[in-house]
Amino acid sequence: ARKHVQELLKTFRRIDFDETRKSVYLQSAKFGVQSQLREPLTKKVLNYWDDVKLSKTCLDRMVTKVNDVKETFYAGFSYACESHNQYSVDCLEAAKPSYLTALGEIRGETEKCLTTRLK
């Protein structure tokens, strides 16, 4: 189980957070990934036996989708925010629910394709 957690955490390190972006956005984006994906998936793989292999294709797809969703979240916080001042906490709060929902959907998809049994 420990090797599964290590593999999963290594995968999460591949998610690209642009550190030049505003800290309020970065904190929110990272917390979303942690709470909606990393913690639930880590708890799940802790229960796996050693004869279970994590699907690299599935994990790669998760990283790609998370990076896409983060960009949409950033757009909602910045240039696509029309109802409030761009880069404001109001824009961030307006964009956050759809970001968290999208991460939850990615978690569901990832849970379905996460494992393959070793023969």
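From the backbone N, Cα and C atoms, a Cβ is placed for every residue, glycine too.
Per Swiss-Prot, the feature disulfide bond maps to Cys58-Cys113 (among others). Around Cys58 (disulfide bond), the same-chain residues at least 6 positions away in sequence with a Cβ under 8 Å from its Cβ are Thr110, Cys113, Leu114.
According to its DSSP assignment, Cys91 (disulfide bond) is helical. In sequence order, Gly76, Phe77, Ser78, Cys81, Ser83, His84, Asn85 are the residues near Cys91 (disulfide bond), counting only same-chain partners six or more apart with C-beta under 8 A. Under the heading disulfide bond, Swiss-Prot lists Cys81-Cys91 (among others).
Taking all protein chains in view, 18 other C-beta atoms sit within 10 angstroms of the C-beta of Cys81 (disulfide bond).
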